[in-house]
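Chemist: Below: one structure in structure tokens.
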Amino acid sequence: MLFLIELIDSVRSFIATGGNVLYFVAFALLLMWIMMVERYWFLAATYPTIRDEIIAKWDARSDTTSWYAHRIRDTWISETTELLERNMITIKTLVAMCPLIGLLGTVTGMISVFETMAQQGTGNPRLMASGISMATIPTMAGMVAALSGVFFSTRLDAKVKLAKAKLVDSLPHH
Amino acid sequence: MKKVINYVLLAASMTAGIAASANANDLNDLLKQVKADRLSEAKIDKKREAEFTSARADKQALLNKAKAQLKAEQERNKRLTKEYAQNEITLAQKEVELDNAKGTLGEMFGVSRAAAADAYGQIATSIVSAQYPGRGEALDAIANAKAIPELEQLEELWFALQTEMTQSGEISQFTAEVTNLDGTKSTESVTRIGTFNLVSENGYLNYNDEMGQIQPLAKQPAGYIAGTASDFFGETSGFAPVYLDPSRGAILTLETRKKTLMEFYHEGKEVGYGITILLVLGMLIALERIIVLGAVSAKMKAQEKNLSQPNENNPLGRLLKVYQDNKEADAETLELKLDEAILRETPTVDRGINLIKMFAAIAPLMGLLGTVIGMIMTFQTITLFGTGDPKIMAGNISLALVTTALGLIAALPLILVHSIVAGRSKSVLHKLDEQSAGLIAAIAEKESK
């Protein structure tokens, strides 16, 4: 329990030094990971049953070669692909947005540095330091958030593509 | 001109006439008069001489009297000088006597004076003085007095210190005259929190110790801070959270110099407004797209459940209509007809989406433009005024930074919204492009059986 309180406290002081932009980074990170976990869950648990159903349905068909059959097969593949690729665009967008949010933090931090300078002059570097930490910490946080997402989102993308290719291969037509 | 000359001639002849007649009459008269005058003047002279001689004796007497007075005064001077010297000696003796008599009391005098001077600095600037005015003068009198303070004065010092101490731990409400920012005065109810803050229903107040006036802050701090103050003022019982200024006003004064978000926004100037327009336009387009695409996909879902009766109000229905019109055609013709229909539907579905993407790309670029303009202006300022005063440069730098921030702030939601809208339109297009043919094929198969 004490450990948790300490953890919350350290997070709070981190946000205090980094400024409010960190909330946006945290929000983007949270959204990104919720979506990615959901995708992993879908690929591991839900998708195999859907895939097996389609394969069974295809195998049960008597006609697999006519134009009609091809169109129906395309439709099934398209529907499944849509299920597979749901939210992938948003995940990728969020990954790309994280460094941008960090950059926003940099700019707002620099604004606060210059505001301090306009009020107090350059005499006291300590006063400016809070603005500088507000400029650098969100940048770092945005980078880390993006990096944490880049690897897994790329992996997810590859997995989705592989799953799609495998599905296409397991619906033979001639 | 002629007239003027005539007048001049006339005037000249007249004066000449007068002079001539005087010459003729008065010379004898004048002689007579001079003679008569000589006689009378000799008489006056004699009279004056007699007066002077008679006064001379008096003057001698006056001189003697003045000399005697001078002598007397000189003697008095001598006597007084002596007396003064003696008094000096006596004074010195008495002072020594006084010092001896004062003993440790002298030290107390010094201490009380120092304490009064210290307390004056604290109490005159303290907001408690807003509630109990006039405490400063008594202290000032003790601090600057040459004499040993009276017992009443010492008690005054004690009371002042005690009041300050007691009041610093109390929250009290009182009625006072508040000098508003426009110079008008109004009587208001004011709550004082210890020695820290004065609060009224409009937020924080300031105590100006030089004028002895209660004034509202030139600018209230951010809404959530000022809000707690007015809430606290309105509270009659129980507890209420409030922001305190432990520095007794210094932090609040700094806070008034802080810019609000709105002021920051307006520092972006024209570039900033341009970015705002982009954001608003992009958001409006996205909103329209989300609504239209939502309606289209809802109608298509309804159509999917009712494939036999194509409804012309949605793209899928129109495709089904194409199939029903060309039922008898062979597969290849049907496919061509369907492709043509899909091509017709596509633009209406993904209209505007690229515009959102473009706005999302332009917004940070405009921010960059603002940055560059701001930096150009900064360097112009440096050329004109040098780098001596960072405050002069800071204004333009804030233009540069604010526009960058605005560009990013506009770009981020636009990117997010674009991904959402693009996802939706993609799903509609997939349905049309890849799945409609399958649906039709399924119908055809069913009908052929």
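Even glycines carry a Cβ here, placed using N, Cα and C.
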Chemist: Write down the single range among B:56-97, B:182-223, B:308-349 that appears in TrEMBL as coiled coil.
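Modeler: Checking TrEMBL against the ranges B:56-97, B:182-223, B:308-349, the coiled coil one is B:56-97.
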Chemist: Within the domain 'MotA/TolQ/ExbB proton channel' (B:313-433), count helix residues (DSSP H, G, I), strand residues (E, B) and coil residues, in that order.
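Modeler: In the domain 'MotA/TolQ/ExbB proton channel' (B:313-433), the DSSP-based counts are 108 helix, 0 strand, 13 coil.
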Chemist: Which residues of the chain, 6 or more past the ends of the transmembrane segment (B:271-296), have a CB below 8 A from one of its CBs?
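Modeler: Residues 265, 314-315, 349, 351-353, 355-356, 359-360, 362-363, 366-367, 369-370, 373, 402-403, 406-407, 409-410, 413-414, 417-418, 420-421, 424-425, 428.
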Chemist: Average the per-residue pLDDT over the coiled coil (B:56-97) and send me the rounded value.
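Modeler: Mean pLDDT, the coiled coil (B:56-97): 93.
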